[in-house]
Amino acid sequence: MVPLYAQIAVTVVVVCMCFVGLAGNITLLAATIICKELHRKLCYIVAVLTALHVVCLLCELYMEALQLRFVPMTRDVCFRHTFTYSFAMFAQSMMFFMLGMDFLFAIVIPLRHFAFTPSTYVFVMCLPPFLISGGIVFLFFVALNDDHIEFCTPIQMIPPRMIWILYVINGSNVAVVALNVAMFIVLKNTHTESGLSARSTNWSPLCHKKLILSFMVLTVVFVCSWCFSVMACLLAKRYLSKDASLAIQTYVVVLALPTYCQNYFVGYIRSDRYRNAYRKALNCMLPCIFRLRQIEPVTDRAAHPGNPDKNTR
């Protein structure tokens, strides 16, 4: 049983982080809708990922409102509370892999990549994570039982014989890290051995590196946050005593939440384009509080160094 002071502390921290994350994510989504400079393939994919993070944060607030993390119940009842959270959680995990694939396609096959319309490309890139996540939730439903569990979380809800899915998902997350390494290798070979110039692809080596570095920041936070929290839960359930396992699974949510909050802040820190778009969006949503300052010149032409009106990425 988790002490009352620990329950209060976890609840306060989680609620505060959720509201901070929601504010940032909603601003990012609004900026993507309002600002034409974000009407590109990459920005749309980031917006889909951010929308999944919004769902995860809302589900966390729902769990905190009902104190599901501290209430014993049966697994089937927990499933009814958390199946939406589980779907969004697994979908956002797979979206990081697809985001990495998007960067790789843009580097390896830039002409074909730019040939796709944004709507078609984003649909194709986002469909696999949604289908896989839907299939995972369906498998959980089929394997569901009425066993009693100590508390309700998306991880605790998973039937024991389906726990292997978490290892597969984390394996795909390791693939995301490997994909980062592959992109650096491809980038180096593309601009040195193959002699592919920025003039022929409308990309420069510096732009490539800046894009990949931004993506690596997202990935590192994701791996250190969400992936580590999932592995901590799995290892705690497998190797630690019941009391120690319950304590770790209770507190580990604080480690997972930065993944759901990071997109706005990484965009603000790393991109002049996103920074300016955020200011426009906040000025539209809250004109009495945020006044539109003079827009900074956009220097991060990483994805779109050419004519922004003709570039669809």
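Along the chain as shown, residues are numbered 1 onward.
Every residue, even glycine, has its Cβ placed from backbone N, Cα and C.
Annotation comment: TrEMBL describes 6-30 (among others) as transmembrane segment.
Residues or ranges marked as transmembrane segment by TrEMBL: 42-63 (among others).
For 83-109 (among others), the entry in TrEMBL reads transmembrane segment.
Packing against the transmembrane segment (121-144) from elsewhere in the chain are residues 41, 44-45, 48, 75-76, 79, 83, 86-88, 90-95, 97-98, 101-102, 113, 157-159, 161-162, 165: each is 6 or more residues past its ends and has a CB under 8 Å from a CB in it. Marked as transmembrane segment by TrEMBL: 121-144 (among others).
TrEMBL lists 164-190 (among others) with the feature transmembrane segment.
According to TrEMBL, the transmembrane segment annotation covers 211-236 (among others).
Residues or ranges marked as transmembrane segment in TrEMBL: 248-269 (among others). A Cβ distance under 8 Å defines the sequence-distant neighbours of the transmembrane segment (248-269), meaning residues of its chain 6+ beyond its ends; these are 2, 6, 10, 13-14, 17-18, 20-21, 23-25, 27-28, 46, 49-50, 53, 56-57, 60, 69-70, 92, 151, 153, 155-156, 214, 217-218, 221-222, 225-226, 228-230, 232-233, 236-237, 240, 275, 278.
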Considering the transmembrane segment (42-63), which listed stretch of 6-30, 83-109, 211-236 counts the most C-beta pairs under 8 Å: 83-109
